[in-house]
Amino acid sequence: MVDATTRHEALSFMDGFSAYNQIWMDPKDEELTAFCTPKGIFCYKVMSFGLKNAGATYQRAMQNIFDDFLHKCVECYVDNLVVKTKQRADHLLNLRAVFERLRRFQLKMNPLKCAFGVTSGKFLGFIVHQRGIEIDQSKIDAIEKLSEPRNVSELKSFQGHLAYIRRFISNLVGICQPFSGLLKKDTPFEWDQSCQNAFNNIKAYLTMPLVLVAPIVDRPLLSYIAAQEKSVGALLAQYDEDNKERSLYYLSQTPVGAELNYSPIEKTCLALIFAIQKLRHYLLAHSTNLISRADPLKYIMMRPILSGRLAKWALLLSEFEINYVPQRAIKGQALANFLADHPVPAEWELTEEFPDEEIFLVEVLPPWEMYFDGAARRNGAGVGVLFVSPRRDLLPYSFVLTQNCSNNEAEYQAILLGLGTAVEMKLPQLNIHGNSALVIKQLTREFEVKKPELVPFWRHAGELLAQIPEASLHYVPRSENGPADALAGIAASLALFDERPCQVPICERWVVPPPVEEETEEEQTEEIEESLPISASQNTTGDWREPITNFLRHGILPLDLRERVQIRRAAPKYVFINDVLYRRSYEGLLLRCLLKEEGQQVLKETHGGICGAHQAGPNLHLQVKRLGYYWSSMLRDAIEMARTCKQCQLHADCIYQAPEPLHPTVVSWPFEAWGMDIIGPITPKSDSDRQYILAATDYFSKWAEAAAYREVKAITVVDFIRTQIIYRYGVPRYIMTDNDTPFKNKSLGALNGQEEKSKTKKETAAIKGKYKSEIEEVISGDSDFQLDPNLDHRFLRGFRIMTRKIRPIQVGVVEFYIFKVVDPVRELAAEPVQLLKEISQVSQLRMTSNFVHKSRTM
């Protein structure tokens, strides 16, 4: 809010009159503010001071009143109001609109506390103007008038004065470090010379206070971070319109607890995390260039295994767009002042090398040594290469050349094989020794290469030497090159270095150098002497790993904003080790990232290779992850591989075809076929704790039988069939079930689910827990129900008797029934005719009533 009032030519400051008393109380709440006096009991009709939510209510009211003006031409904090204008000519228009809004809502301002059309003024304890934000001089004077603290209370009061203006003081925690010992519990208060020096330094710092500015929209921010042994600090700055660095905010903090034991690089990371937590509202709206001696982003993102603390930091950093810039690449007054206030201890020399916290000693080891020799004989040729590590470990290699060659060609083959191995081992330093003066002198350009057959080998050796950062060539006599000579012949002794035994791998190899175009010797020499330039080009190979690799290694992000955010959020899941990109899995494994073409080969071998099991797509995807590989379209490619596998199409089960053709169920007479099913568990249970209903439906007549049980077992089903079906209707021909567990016995057959259509479950839902006693009544009513107007009742279809069952209502009425054969269809058609007389009587009564009513009216 303070930042929003800067960079304006005209400002008007207003203060509310009577503050909270301008907000009316709800009539229902007036009695809650009652108070007693000698003259009686009174209550407030307006909001009074001292109410718990008075400040929040007033602020909410002001925001609702100036909703369309806020952050455009008005800033308000409770009853403090600021009207701002970029151009002074428009200031009166803004004031008119604000006063009309005040008059509309009957708000009054105190004229004694208002200032109109000024260039600067006090707002929330700071002086704001077009150039930026300054400390109020009254607060500086109050601090300068303070005497030396004599006890802990006065020291805390002094630090409280500084806390309000801490954003203007660089490394405030470091300056006040001598005071921390006086604030500890059970420590005597002794004001020594270090405390006096810190007290004087703060007062001297405030004699020339800084002017901070507000950030400019759509411009990147500069974040300087520094770490000391007992304090960490940060500075947020930005380039203004004149391309000058301007300070925005100073931060400082004291590490506590385990943070004091952090390594230098981890304290630098701590400073970064502290800055993004405190300045979150700034960093979310701008891209930020991070400037420090070491790269904390690289330290956090490049760790193979993230601890709980580092994982939390990586998650916090993924939300912001932060780019690391080396400290030496930035030159400005803000950085100079910041570094002067944050001196780095002399013993922190390892900060730029990103040491792990386990490193306490750096040992400088000698470079690697390589000895080579070649031997050409009438029956074949061979070469020997011996590597000696800095710790005097031996790595011998012996190669049998697959082609006959001269002795010079064998020497070149030896050095080429040795250099190729050194490049694969990524050796930073290498001393090369050989007893071939011709090869050594030609590679050091002391001799010319005159034989055309040696030119390709000479060029290829120069290219390999350029890939080793520090390589040197030395000529040694044959007597000092005995191990390599022994490897070439594999007959002499290798016990020349402390007589250590070693294993010698014997390989067949021949190096084919790249083809050489016709060039002059001067052009060849100039080409080797040229250094390799560093260039950047657009990715045209479609490698999905390249954006992540560029960000982890060089901090380069794509130009598209959405892709930049995606790369930042995905980067903590990847780690770059020995020029290989790995992805962290949720199981804690490092999965090697492959190209899509390489992934296809892995899928092909895993799915249908020698040990392939022709797994389905998801299982194939999991199997490849267990092998330690990953690429972006891994699951989709695995599913496609399984779908398009020819062997799987030929031999896999066809899951979309029924095992045999479906057959319709044909029932010829009543009770020939029954469908059975279990209904339940039903909640609540019946009075006798019965929660299952075993129901059976006749397929011909739809007649239903049911019984309630506590549990349904195989023996229960057998008893139900015997008592409810066989004893009543005879032995059925078919019994259809859904093959549930109780139906799996020898007396039951195939499956059928038509019983689900029975209305028994719907009927029992209405009688709750009484369905045990009412089950027969439900079945009886359901069987007498006329399902289709074109068909008989179910009871008639089952027993073919020309009457209906006796209903309970008919028990008290004595009637005689005449049995005769009647066509069911005719009976259904005659029912409406039988009702004609009743309908006619009702119509006559209605007509009589209408006639009498009209006669009385007339």
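Just so it is clear, glycine is given a Cβ too, placed from its N, Cα and C backbone atoms.
Among the residue ranges 516-540, 741-765, the one that TrEMBL annotates as region 'Disordered' is 516-540. According to DSSP, the secondary structure content of the domain 'RNase H type-1' (364-497) in residues is 53 helix, 39 strand, 42 coil.
For the domain 'Integrase catalytic' (666-751), residue counts in helix, strand and coil come to 19 helix, 25 strand, 42 coil, using DSSP.
Taking the domain 'Integrase catalytic' (666-751) as a whole, pLDDT averages 79 in the prediction.
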